Amino acid sequence: MTIGDITPKKERKSRRSKHVVDDTAPLLPKRQDEDAGYDEFNGASFTGAVFNLSTTIVGAGIMALPATMKVLGLILGIAMIIFMAFLTDASIEFLLRFSRAGKTTSYGSLMGDAFGKYGRIFLQICVLVNNIGVLIVYMIIIGDVLSGTSSSGVHHAGVLEGWFGEHWWNGRTFVLIVTTLGIFSPLACFKRIDSLRFTSALSVALAVVFLVITVGIAIIKLISGTIMMPRLLPDVTDLTSFWRLFTVVPVLVTAYICHYNVHSIDNELEDSTQIKPVVRMALALCSTVYIMTSFFGFLLFGDSTLDDVLANFDTDLGIPYGSLLNDAVRVSYAAHLMLVFPIVFYPLRLNMDGLLFPSARPLALSNTRFTFTTVGLITLIFLGANFIPSIWDAFQFTGATAAVCLGFIFPAAVTLR
């Protein structure tokens, strides 16, 4: 399956004026000549595009960022977050500039234009590896939050275990089955990314709720004098601790990967000249959330910060209503990840179908392929979440392989080409 390529606009134009040029682009679920129903959609708004791109960026990576502060220290850690934001903006700028020059409107067709068939296939494989890894991390975190985790050697109770005690129905596997069937599967059935704008807005709001509560807890503990001064610089005492600094790079890379959704969001904008402001607004919003989460998360837990900082919120915070706030933090972010899932799943499904059925008609027009691809991918992600023990392991793999290719190597290669 491939999705029709759309000619980019040099002037401010309505999405209705876009027409099909090519059958080889993998990321746009629209063919006007075959599916008139899409003509009723007049284009996505600026706000909806910002929410969708922000939701793509702010996923599970935020939960591992406080642990990067533990490795790098606050000063170097925050500097790296800001640096990665500027680097991401530059790489997306390269993609958009050469997409306009080559009259392509998908990442896949851009790679195909620059490097031929095998360039497009390599991109699709990287999207599959990256997005499957990221979605597995989402499921792992949701399982940690609701059912608890023992990946660090110490058991941290989940929300359901804390509320009701340990039972078969709040075990990790059963909770993930219910979450997959009741939430992930219905949300994954939308065929147009703009249909997820409301869930994206809600997911961003839930991330802000998580952030506000975390900041509030940290401020209360600062006032009461129960927080020690956090480490500002990395603790490098030998060669092993020096090499450990580089383990944060895949996490920082993964935290900003959204390149695979930029063209899809651009193609659905009513005014595609807005895509650069959309990207910069989303990056500014996400960087602010990242910095505040990293700072206050590390401030709260110091060198006891776990790879998944949500797992730290099962201890006595030493403040009034601490238990209630713990649960609010964990539940709000678990709900956020549930709503982020379909945004990341959307390009995953399109690229899988494009890889398996490159000459077939658009996926949105084939309910059979759409259903089987969706079910197969969700099953694979579910199995991965039950067998991979830690989000740090998943981040190390995807961040050091597919994510760095999607975010930085491919845009640079296209530019040099």
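Every residue number used here counts from 1 along the chain in the order it is shown.
From the backbone N, Cα and C atoms, a Cβ is placed for every residue, glycine too.
TrEMBL annotations: computationally assigned, not manually curated.
What TrEMBL lists as domain 'Amino acid transporter transmembrane' is 44-416. For 1-21, the entry in TrEMBL reads region 'Disordered'. According to TrEMBL, the feature transmembrane segment maps to 41-65, 71-96, 121-142, 173-190, 202-223, 243-262, 282-301, 331-348, 369-388, 394-416.
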Residues from the same chain, set at least six apart from the ends of the transmembrane segment (71-96), whose C-beta lies under 8 A from its own: 65, 107, 110, 230-235, 244-245, 247-248, 252-253, 255-256, 258-259, 262-263, 266, 275-276, 279-280, 283-284, 286-287, 290-291, 294-295, 298, 407-408, 411-412, 414-415
Highest Cβ pair tally under 8 Å against the transmembrane segment (173-190), stretches 282-301, 331-348, 369-388, 394-416, lands on 331-348
Sort out the residues at least 6 away from either end of the transmembrane segment (243-262), same chain, that have Cβ-Cβ distances under 8 Å to it, and list them. 27, 52-53, 56-57, 61-62, 64-65, 67-68, 71-72, 77, 80-81, 84-85, 87-88, 91-92, 95-96, 107, 127, 130-131, 134, 193, 234, 236, 275, 279, 282-283, 286, 290, 343, 346-347, 351, 392, 395-400, 403-404, 406-408, 410-411
With an 8 Å cut-off on Cβ pairs and a sequence gap of 6 or more, do the transmembrane segment (369-388) and the transmembrane segment (282-301) reach 3 or more such pairs? no
Considering only Cβ pairs within less than 8 angstroms, which of the stretches 121-142, 202-223, 331-348, 394-416 has the most against the transmembrane segment (282-301)? 202-223
